[in-house]
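Participant: First the structure, which I've put down as structure tokens, then a few questions once you've had a look.
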């Protein structure tokens, strides 16, 4: 162990009673022998300016490494650690007033006053003893590969007047400090001060040493320094009291600098690092993405526990229900999250789509009327070539000609109805499968409705879509009793005095309705609602009655009657198939097979 001797001359004796204690050899149990303070030999016994060992002992209960400490009245330096033992023995023999002091389990490197070196000398030095101009220049442990960071003067261990951070002996010393077991008391290890008299080799030191008894744990982002290891080590200033202690507690550099590690930089949901606010609350990127996905997908979570699962950085992914509930509890706003239709449109809200003119009720009504007029024969081009008003009915079984006429009238009407349907706004946008399904399902109903509206039941005239005019008796053998039901429906329909726009809307509603097997029933329903609204507005404007709803209800009441007449038509086709006089056309046969209710 290095030998430490005073390098000053004999100063004036200190008047304090502790400075006059004899340097007796202490036992390993750290007990001091009693002595008479009034003895005249005690005054010049220790004429050195080094701190008394009672200062070391007060407040410290740890173990000390054993080494010899020689107090000498002369100022002869010892040059190496190997000459310490011989110097101690010779000094004991020549100076009876001085005594050797032995400590157990305690090591001190460079913690004694001496000449302070500048920052350049401190960098070039390799031992802790050189920094203070110690007479004993024994090298201290160091780590050559470690490069100390460039810190400010007060961010180092002891500032520019302290050993470098490569000094590992200091860390070993701090690890041997005892744990505080009781109420914290102000520690007082040793306080360095210059000798009473001015010394040319010692400059006033601005440092006070108050090592903490509790180990200081470094926070995230902090570097190891004496300020963090020993918070009590603070520079003395005129603002401090005589003891060199601060009146207020010393805060760490992390709290003073407002680092992101503070509470304002933490996620309000899980406590992770958060750089900015998301959806109204400071949150991390993980909680922001979780909240966004949950709102956009409208996800529903279930808690497998008691809905009070802990949500922190480590356990935030365990329960999605509790995590989302905490997001709402801390104030995250769901309405701020953009929906799928707004992705990629920052700073813009969707403008209200302007209703195109072709989808307006007036334009829809005009299109329906035009489609109806184009699909029907004009009154100036009716074909009366086969009309026989006075023809006698042929009672008995129908022949092949009557059955073939029946099939031809049905097949011709199907092509006209198909062309009419293609002119209805919105029908062409439906899928081809839905178009065929709607046409085949509503064909017989449309055939009956259109025939009944064009015909003149009072005169017994039946006007078909091709312009052919036949008398009721001419159709009796082919249509059977079904023709009489059609004429009865025609009379009831004409009694309502239905104009062309209302009839065009009613015909479209017969086609555009819900059918079993539709691929896009939603689109069919939307188109049906538009046509129904158009019909309602027209009837309300043209009826001229106090209660226009009654006229609309009577008009819509004809739709169930059409279903009944459609069933009678299927029965007639089935009967003709059983007679097997003429094979039905493929399109009629397909319609029959697809629309059978059984």
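Even glycines carry a Cβ here, placed using N, Cα and C.
A quick note: this is a predicted structure, and the numbers were derived from the prediction, not measured.
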Participant: Name the residue range among 89-109, 341-361, 467-487 that Swiss-Prot annotates as region 'Disordered'.
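Facilitator: Checking Swiss-Prot against the ranges 89-109, 341-361, 467-487, the region 'Disordered' one is 341-361.
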Participant: When Swiss-Prot marks a stretch as region 'Binds lipopolysaccharide', which of 497-520, 521-544 is it?
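Facilitator: The listed stretch tagged region 'Binds lipopolysaccharide' in Swiss-Prot is 521-544.
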Participant: May I ask you to indicate which of 203-227, 228-252, 303-327, 378-402 is given in Swiss-Prot as zinc finger?
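Facilitator: The range carrying the zinc finger annotation in Swiss-Prot is 303-327.
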Participant: Against which stretches of its own chain does the region 'AF-2' (584-595) lie, if we need a Cβ under 8 Å and a gap of at least six residues from its ends?
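Facilitator: For the region 'AF-2' (584-595), the list is 407, 410-411, 414, 440-441, 443-444, 566, 570, 573-574, 576-577.
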Participant: Across the region 'AF-2' (584-595), what are the DSSP residue counts per state (helix, strand, coil)?
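Facilitator: When I sort the residues of the region 'AF-2' (584-595) into the three classes, I find 9 helix, 0 strand, 3 coil.
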Participant: Mean pLDDT over the region 'Required for binding NBRE-containing DNA' (268-354): what is the value?
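Facilitator: Reported value for the region 'Required for binding NBRE-containing DNA' (268-354) is a mean pLDDT of 83.
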